[in-house]
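Let me begin by handing over the structure; questions about it come next.
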Amino acid sequence: MRKKILILGSTGSIGTQALEVIASRQDQFEVVGIAAGGRDPQLIIQQAQMLGLAADHVAVANEKSATQVSRALGAAVLSGRDAATDLVESVPADTVLNGLVGSMGLRATLATIQLGEVLALANKESLVAGGTFVTSQAAPGQIVPVDSEHSAMAQCLRSGASAEVSKLVLTASGGPFRGWSREEMWDVTPEQAAAHPTWSMGQMNTLNSATLINKGLELIEATLLFDIPADRIEVTVHPQSIVHSMVTFCDGATIAQASPPSMLLSISHALAWPHRVPEAQPALDFSQASTWDFMPVDNEAFPAVELAREVALKQGTYPAVYNAANEQAAAAFLRGRIKFPQIVDIVGEVVAGSSQFAGVASSVEEIIAHESESRRRADALVDKLSR
């Protein structure tokens, strides 16, 4: 029997690649619904028609785009800010791939967990924002990571018992400004920040990779997914992006997962978990000479990782504060209001002034309230810096 799949964020980088994977494995998977923000209504229409989806199996957040898609499909699609969550709640599925961008994916993540469906999670921000409020509601193995780094860790962790794990090692490409000083990055433009040396991603994910905020979010996500404290997670720069992550065990052995830099493998693995998909992507060719480099993160130039470690150790809703403040500061940089290094400066300042967020959230509303306050503070700092 084919697995029924919902894809949230179908027009984004993860969503389009997931559709590519599923198109080549129609004997294993069936797409039963899609959700998107609405920036590209024509692509949503094309996807819905190609998949043969009824209008009520399509969700579009942007109301204007939803009207356009509804007209093309001949009936009303689900629309509005909570359209993706409405889709999850109304269309039964075996697996929900959450590839939405930012913390807007939180409600859909929670809805998936509460329905008992498998959550293939690419929307790390929803886990970071929700923290233990999310993980405490999930059954063991219900959340399956899509990020290549966490997928790699999950694969490596199958090599030993949890009590045998000494540390996790996250790899980072280093982004387009690897080796630059803070001073050299002062006049970086949004166009420069959008040029990732290895991966093809959406605008926000690419910018987060340039600041290493993305790696900070991944560190926090790893603590939640694998129940390993942040002081036992190492981050190393690996420019080739071939070793996606490693796990060191108590006997001194380190197990690494290596494959060419592509999301096809980790997406396939998440959809088929706990099984592997044959020939999901080409394997490494060891007959070709190559060099793999590993080096420490320059924490002076890129303080985002150590700030994330601090946030993860504090717990509470600090991770939600970290993420929300970054979303505001990053948007301000893209609009030309602040300088590139000031993105993480603002995040650090908001986190430092948020002692009231130390408690564990007891509701989605509480998380959203803390996020809103963090955004307000970040916006105030942007206003101050851009005068």
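Cβ coordinates are placed from backbone N, Cα and C, and glycine is handled just like the others.
Computed from a predicted structure; not experimentally measured.
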For the Mn(2+) site, Swiss-Prot lists Asp147, Glu149; sort out which one of Glu63, Glu89, Glu191, Glu218 goes with them.
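My reading of Swiss-Prot gives Glu218 as the candidate in that site.
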Tell me the Cα distance separating Gly37 (NADPH binding site) from Glu218 (1-deoxy-D-xylulose 5-phosphate binding site), rounded to the nearest angstrom.
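Computed Cα spacing between Glu218 (1-deoxy-D-xylulose 5-phosphate binding site) and Gly37 (NADPH binding site) is 23 Å.
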Taking Cα atoms as reference points, which of the binding-site residues Lys124, Asp147, Glu149, Asn214 is nearest to Ser13 (NADPH binding site)?
Asp147
What are the non-local neighbours of Thr11 (NADPH binding site), defined as same-chain residues 6+ apart in sequence with CB under 8 A from its CB?
Ala36, Gly37, Arg39, Asp40, Leu43, Ile44, Gln47
Given a separation of at least six residues and a C-beta threshold under 8 Å, show me what packs close to Asp147 (Mn(2+) binding site) in the same chain.
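Those within reach of Asp147 (Mn(2+) binding site), by Cβ under 8 Å and sequence separation of 6 or more, are Leu121, Ala122, Lys124, Glu218, Glu221, Ser266.
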